[in-house]
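Working notes, beginning with the structure itself.
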């Protein structure tokens, strides 16, 4: 039977890894020869979840061809976030919860996006619609994704649908969601052994905004100072990416997972867009974004508007 | 409560009108202040269905603003097929069964596309997922849409899901689907009172293909000669559109609904793309496309590939 790869985005976060695994499992149950793959390193946060539920990480790939002709995208749709040869394969399905941009197909497809906090929440609905039972370990991966994307229910992207899904999945998985969730987030927020270059690349996404190319990276921290005291080397690493990718703006966001604030460091010719987007003043190339924890809902739309202004 | 317009595509076909009405009804049942609108004239085929089930046509609009800030798109997503000021409003949902292209949002949304034959088939599923009952007259509109898009089950876009949905809807609507369907299609295929300019604009859609702008119009006929004997004046009308819109290619497709073939008339600098796409030779600017009845599945992808070659 023809093989189909289920692919999460580059610089995979926990949702991209877990949703790829969960959706590939569902498609196999429905008779498709589907395999979850990944486009980058597994984070410590994700590894914590994989280890806890005793599931192997998806296989790392660099290209989809010539192995397959067809792919399913989870947790992303924008071409530049996907596998490098995405234009050479057929996208037969997309399961996502982000804006739609830089995406085009020649023919019809199954595209399921919902404005919820996590791809895994949508995948849980698709399990139910197809009357497929979610195994204990897959439920554990899926609730890990919701905990990650919602920062344990603190992000404004988080909806009642996510909460209901998370509670039901936690029950199937047999975990105390608060206790497990905090341990998982802490595992991911330990960044002390990362080089500056690793930090800026850990969870970094590129966006087209009007005529500009913008990259926005985000890391979680238990103590913002762990990151801020390394600002000089982080900026150096950011400028290297900026130059290499010919970006107009690179924003590095550190999010305090206990107090739900973020600090943004901005470099590039369009750095002042941050000031317009958030009505702040950059000092030493950085600014506090109070109450901001969600890149998708609290940073990208505001920045997109500011770049057009 | 904030009003939301539910919009089908320009040059609305039966699916665009009926699905807008059916989805607006569903959203009202779910508590939204939703109104179906249309972006063009109601065809004779569609009017037959509206009259049969005693439902008023949606209101004609030219712009969404300033009346509303938010819209829902049904049966299309490509910007150039939508309301002229689509870039100035927020698209909160899309229900569609076409390829995705020329579509971009600043934030997340509900996007539901499935590779089925008709938007109404997807809307029927969403009724079920929300446990909302489909009234008799709305079921009649929805089955009319499936009959139209499937040419009474003859189009290759037609899937088992469409068939199941159509049968269930026909039962709720209380019609004999074959008898009603043929009468409805015949009502639409009577083109004798249309001017050539009306014919080429009846169901015409514009597509971006690589670097080219292409428009593909389609009409149904019971006898192809009704159209072909008017080729001279039709070509003249096509060239007027070509020049006016600065298109690279205009293809006018007449589909024989009884024998499931089509004839394409092609004008424009890129007319030879038709020859590459279908391995045919244009004679007198036209070619028979055997077994081709679906613009979406049997014309647009092939033409898109040929334009890139």
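Placed from the backbone N, Cα and C atoms, the Cβ positions cover glycine too.
As written in TrEMBL, here are the features:
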type	residues	note
BINDING	A:9, A:13, A:75	Mn(2+) 1 binding site
BINDING	A:15, A:75, A:97, A:149	Mn(2+) 2 binding site
DOMAIN	A:181-307	domain 'DHHA2'
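Features per TrEMBL, on structure.
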{"residue": "A:9", "record": "Mn(2+) 1 binding site", "DSSP (3 states)": "coil"}
{"residue": "A:15", "record": "Mn(2+) 2 binding site", "DSSP (3 states)": "helix"}
{"residue": "A:75", "record": "Mn(2+) 1 binding site", "DSSP (3 states)": "coil"}
{"residue": "A:97", "record": "Mn(2+) 2 binding site", "DSSP (3 states)": "coil"}
{"residue": "A:149", "record": "Mn(2+) 2 binding site", "DSSP (3 states)": "helix"}
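Around the Cβ of residue A:13 (Mn(2+) 1 binding site), the number of neighbouring Cβ atoms within 10 Å comes to 23.
Annotation: A:97 carries the greatest number of neighbouring Cβ atoms among the binding-site residues A:9, A:97 [cut-off 10 Å, Cβ to Cβ]. Those residues of the chain, other than A:15, A:75, A:97, A:149, with a C-beta within 8 angstroms of the mean position of the Mn(2+) 2 site C-beta atoms are A:13, A:16, A:19, A:96, A:98, A:117, A:118, A:119, A:120, A:145. Rounded to a whole number, the distance between the Cα atoms of residue A:15 (Mn(2+) 2 binding site) and residue A:75 (Mn(2+) 1 binding site) is 7 Å.
Around residue A:15 (Mn(2+) 2 binding site), a 10 Å sphere centred on its CB holds 31 further CB atoms from the protein chains shown. Other than the site residues A:9, A:13, A:75, same-chain residues with C-beta atoms no more than 8 angstroms from the centre of those residues' C-beta atoms, the Mn(2+) 1 site, are A:8, A:11, A:12, A:15, A:16, A:17, A:19, A:74, A:76, A:81, A:119. Just so you know, of the binding-site residues A:75, A:149, the Cβ with the fewest other Cβ atoms around it within 10 Å is the one at A:149.
In this entry, nothing among the binding-site residues A:9, A:13, A:15, A:75, A:149 has a C-beta under 8 A from a C-beta of chain B.
A separation of roughly 10 Å, to the nearest angstrom, links the Cα atoms of residue A:15 (Mn(2+) 2 binding site) and residue A:9 (Mn(2+) 1 binding site). On the backbone, the CA of residue A:149 (Mn(2+) 2 binding site) and the CA of residue A:13 (Mn(2+) 1 binding site) stand 9 Å apart. Residue A:13 (Mn(2+) 1 binding site) and residue A:97 (Mn(2+) 2 binding site) are 14 Å apart (CA-CA, integer value). The average pLDDT computed for the domain 'DHHA2' (A:181-307) is 93.
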